[in-house]
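Data first, discussion second: the structure below is written as structure tokens.
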Amino acid sequence: MVKAAPTNQVALQYALEDQGLERTGDEKNLVRWATTNPKHPKNWSPLRKAYDVTIIILLEFYTYLLAQGIGSVIFPPYSECFGRKRLYVVSTVFYSIFCAATGAISHPAAGAVGRLATGFLSAVPSVVVAGSVEDIFDIRERIWITFPYLAAANFGIAAGPVMSAYITADWGWQWVFYSAAIVTAFLAVLLLTIRESRPSLVLEREVAQLRKITGDESLQALNPDKVPDMQTFARNVVFRPAQLLATEPIIMAVSVVCGVSSGIIYLFTDVLPPVYKSFGFSTTRASLPFIAIGLGFLPNILTRFIEYRMADKCRKRGDPVLPEQKLIGYIIAAPVLMGGLWWFSWTIPPDIHVHWFISVIPLFFVGFAINEFGVVLVGYMMDSYLLFSASSFAALCIVRCILAASFPLFARRMFDGLGPNMAVSVLAIVATIFCGIAPLLRMYGERLRKNSKFAAHSLKVHSENTVEEAVP
């Protein structure tokens, strides 16, 4: 390697300062970010942050499950090593193509292949977005940003049956896929205008430019994500989500809770229409109660204010915000989900005969609780496994996809065998158990993080590469 001569050290220092970079101070000649560098994603302007994340979040609204679980294993580690923007663009283009093909080819085999392909590709916005959010926003800002992302995801699930029922009735089932193809094609164009957000990849480009300016070929970016080739990536990185799921108690607990809560929504897509047909609703009107679940995101705004005020008080005192301190929303939502499901289970036919609106009210609270679970617990994982946030979220998505795909398979049989009232009561019992997980995470979460090699390594690397305060 060619090293800069002593006479060039001053010029090198000026070049480093000019590009907002600095040396690590060791003998490896590594270069890292300066905390004030405007090119670091966390230092982007609020408008740029808002624009990029809005486009990515819109993807989740329009994006099945088992195939998504497979994609969840592959795409997040790839994005952590090779960047995120290219994945967003390419996957969205192919998603649009497969949606259009599924609508155009009226054959069961074509439909199965199309759904498999779109499910696989939809893993990109579903899981990689968690990494993008961690790239761009600090721990206080993430309180708010995870909210619209997960609200969009859950509202999309709730709104899907309503939209598809009316689109199918008026225009035919093909237009369910054509509309998705049109929207995602438009989003693919918008995605071309966002920036790469993985700090290590952006730093690699900055240091490459610095080498050209200074002629010092020994300068290397401090890049913990770097892998020498695809073979090494496949061997060491691609199975990281499964490894996290199998070895990290926090990720196991969060994945089960979020997976079951998501499974409840997918189960409801299958069983709610028959329940409301028993009230005398038509096929299209029987899908309307999903709107109550979708609107459940509104109270989540209040809990975000509570979280943000807590984080702001810590900042003013000079104290770091511990991930466990942000679990208050889950502590609130767990009993709300329990109460909402018990309420719903005993206000529907055939055992109970009351006005249909009485049973719609608890669906609003169920929607709030499921949204809150996602916002709080996903944020908790992101704060706990900073460097591996996309992979930890992928582990969650593996469980979520398996449960969400399996719940509808037994939903009708369970409801027919037990009856709607007892079947929903079973779900309420599970929600009651979730109430005990919240205080356990609050009490023992910090100890689990400190004993985790992934969380400890992530914190160390994060402190070397970030421009925000580290989480203890």
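Backbone N, Cα and C atoms are what each Cβ position is placed from, and that goes for glycine too.
Feature annotation from TrEMBL assigns domain 'Major facilitator superfamily (MFS) profile' to 1-443. What TrEMBL records for 53-75, 87-106, 112-131, 143-169, 175-194, 250-268, 288-306, 327-344, 356-378, 385-410, 422-441 is transmembrane segment.
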Among the ranges 175-194, 288-306, 327-344, 385-410, 422-441, the one whose Cβ pairs under 8 Å to the transmembrane segment (143-169) are most numerous: 288-306
Region pair the transmembrane segment (356-378) / the transmembrane segment (250-268), three or more CB pairs under 8 Å: yes
Stretch in 87-106, 175-194, 288-306, 422-441 most in contact with the transmembrane segment (327-344), if contact is a CB pair under 8 A: 422-441
Integer mean pLDDT for the domain 'Major facilitator superfamily (MFS) profile' (1-443): 84
